[in-house]
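Participant: Positions annotated as purine D-ribonucleoside binding site by Swiss-Prot: His5, Glu180, Met181, Glu182, Ser204, Asp205. Among the features that Swiss-Prot reports, phosphate binding site is placed at Gly21, Arg25, Arg44, Arg88, Val89, Gly90, Ser91. Summarising the annotation, Swiss-Prot assigns active site, proton donor to Asp205 and lists sequence analysis as the type of evidence. Residues or ranges marked as site 'Important for catalytic activity' by Swiss-Prot on the basis of sequence analysis: Arg218.
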Amino acid sequence: MATPHINAEMGDFADVVLMPGDPLRAKYIAETFLQDVKEVCNVRSMFGYTGTYKGRKISVMGHGMGIPSCSIYATELIKDFGVKKIIRVGSCGAVRDDVKLRDVVIGMGASTDSKVNRIRFGGHDFAAIADFGMVQNAVDAAKAKGIPVKVGNIFSADLFYNPDFEFFKTMDKYGIVGVEMEAAGIYGVAAEFGAKALTICTVSDHILRGEATTSEERQLTFNEMMEIALESVLLGDADEA
């Protein structure tokens, strides 16, 4: 049954959903990587698609920008459409010197300046972490394809234009491997409703060095990230068989 933000029916979504921020990127993923694709939702032009990858039913849907937006979609997918696993696939900024442009980052944990998980967790700090099995499957998929990855703690920021530039240096000191805007929210929603989640990002810019990738470079690395995400789903199926 349709929800206020997703005009689909039960069964339209697979149990695994890949979620980029940009709905047009969701369309690209569906058209490039999936077969037998069907559009299953389009409210507010937040497109969702279901198809198959190597015979495995998989869905992809945009989640918008920031924790409030992605939390709405993740909640409805899990509660109302029976989704069991969400993989966020997006971009992030780097602060550490050893994290380079176009690196693929796997968010094992997600620190944040948002208060949403404290609200969920009775006012206490909640350690927003990815599902270990999904992390392991993504690492194994990357190794099989010869794609190097950085695994660690990422930071989900409420502000894209943060006036406190010095805080990025603090992130560097604490070993943050990537800065984005959604993972902590998705991990919190997954924990609240008994689902599993993972975030995989490509580094589009280095915040402290002022470096940025071109659109062509972003696309190449994005495709590598998508291959990791999709292959990790198949590895997860094998683990659970």
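Glycine is treated like the rest: Cβ placed from N, Cα and C.
Since we're looking at a predicted model, the values are computed, not measured.
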Participant: If I restrict to non-local contacts, at least six residues apart, and a C-beta distance under 8 angstroms, what lies near Arg218 (site 'Important for catalytic activity') in its own chain?
Facilitator: Ser91, Arg102, Thr202, Ser204
Participant: Out of His5, Arg25, Arg44, Arg88, which of the binding-site residues has the smallest number of neighbouring Cβ atoms within 10 Å?
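Facilitator: Output over binding-site residues His5, Arg25, Arg44, Arg88: least Cβ neighbours within 10 Å is Arg44.
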Participant: Far apart in sequence but close in space: which same-chain residues, 6 or more away, have a Cβ under 8 Å from Gly21 (phosphate binding site)?
Facilitator: Gly62, His63, Gly64, Met65, Cys70, Gly90, Met181, Glu182
Participant: Name the residues of the same chain, 6+ apart in sequence, whose Cβ is under 8 Å from the Cβ of Asp205 (purine D-ribonucleoside binding site)?
Facilitator: Gly93, Ala94, Leu101, Glu211, Ala212, Thr213
Participant: Give the distance between the Cα atoms of Arg44 (phosphate binding site) and Glu180 (purine D-ribonucleoside binding site), rounded to the nearest whole Å.
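Facilitator: Pair distance, Cα basis, whole Å: 23 Å.
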